[in-house]
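Pulled from TrEMBL:
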BINDING   Arg9, Ser10, Thr11, Gly17, Asn18, Gly145, Lys146, Asp147, Ile186, Lys194, Met195, Gly196, Lys197, Ser198  ATP binding site
BINDING   Asp133  L-tryptophan binding site
MOTIF     10-18  motif ''HIGH' region'
MOTIF     194-198  motif ''KMSKS' region'
Amino acid sequence: METVVSGIRSTGNLHLGNYYGAIQNFVKMQHEYNCYFFIADLHSLTTHPTPADLHGNVKQVLVEYLAAGIDPEKATIYIQSDVPEVAELYLYLNMNAYLGELERATSFKDKVRANPDNVNAGLLTYPVLMAADIIIHKATKVPVGKDQEQHLEMARTFGNRFNRLYKNDYFPEPYAFTFGENLVKIPGLDGKGKMGKSEGAGNAVYLSDTPEAIRKKVMRAVTDGGPTTENQTKPQEIQNLFDLMNVVSTPDTYAHFENLYNTMAIRYGDFKKQLAEDMIIATAPIRDRINDIANDADYLRKVAQLGADKARESARKTIKEVREIIGFKSF
Ligand code: TRP
């Protein structure tokens, strides 16, 4: 069975776009592959979170992934910092990662531009740590978005370089695993593109949002002055709301409002009210599970322990072999 690895950024709550997109695919993949999903808390140190923020964010992400359907018995879900072997492999890979190629990474250049006062070495070697994350389990598939394509190419470079240096084919090449058409596009509420947390407040609906918060956000969503001819093409901001309704409402409800739009009888207030209520219903079970799991310290401890045990078993094996390949020997 092929091995899949994916790192989850330990900042930001899950929104509907994450849930209906990547997460649903993770949930499916856990039945088909040997999956390792981890919370990338070492990576997050590049921005120097406080200890309380660091822990709070890790907990939030763990809780939400479990609530969304990641099964800790099927997939290995773990916290990166629980597996020190990753940091050890990162050190070895750093010896053969070169300043020029690290400086050329787009993500590095973006971060330097955004935070010129915090250009630390961890930021520079972020792709090396990411390569260690992946190849420590000898993964061949990495479910990530387009923005991670260059990082994956670097992971292949570092793995191949290790192989060449030590004249073996120890590490397989990891490739991006894109879902293509399976990826449902979830638009945001700002009338523009997709849902995302960086698109400004109110654009994204979070799984942890209260029903009140969801109602407020949806009622504030951008609309136009209404259709002026029958069966006209919907402007993007209206199409977006219909696309969201298509995901959370019943086909009957969707058809009802589409008909009202086509006959110029739609009232956006009613339309948005319905959309908000259906969003609340669609997310209610996850919201409940988020609250239950967040309050179950015992369960969280067990899940983290199980994940760490499984991930370390795999990582330890790799590190033992890597140490032998490099030439570390006990007397
Ligand atoms: N860089 C990824 C992101 O920003 C997170 C990540 C860290 C990751 N390590 C990884 C993703 C390993 C896949 C595999 O989303």
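Backbone N, Cα and C atoms are what each Cβ position is placed from, and that goes for glycine too.
Because TrEMBL annotations are produced automatically, they should be read as predictions rather than curated entries.
On a predicted model such as this, the values are computed, not experimentally measured, just so you know.
In the three-state DSSP scheme, Asn18 (ATP binding site) is classed as helix. Fewest Cβ neighbours within 10 Å among the binding-site residues Arg9, Lys146, Lys197: this applies to Lys146. Looking just at the motif ''KMSKS' region' (194-198), the mean pLDDT is 85.
Across the motif ''KMSKS' region' (194-198), DSSP assigns 2 helix, 1 strand, 2 coil. Taking the Cα atom of each, Lys197 (ATP binding site) and Asp133 (L-tryptophan binding site) are about 25 angstrom apart. Within the group of binding-site residues (Thr11, Asn18), the Cβ with the highest number of other Cβ atoms inside 10 Å belongs to Asn18. Neighbour count (other Cβ atoms within 10 Å of the Cβ, all protein chains): 22 for Ile186 (ATP binding site). Under the three-state DSSP scheme, the residue listed as 'L-tryptophan binding site' falls in the helix class. A simple way to gauge crowding: the CB of Met195 (ATP binding site) has 24 other CB atoms within 10 angstroms, across all the protein chains here.
Checking the binding-site residues Arg9, Thr11, Asn18, Asp133, Ile186, Lys197 against ligand 1, the ones with a C-beta less than 6 Å from an atom of that molecule are Arg9, Asp133.
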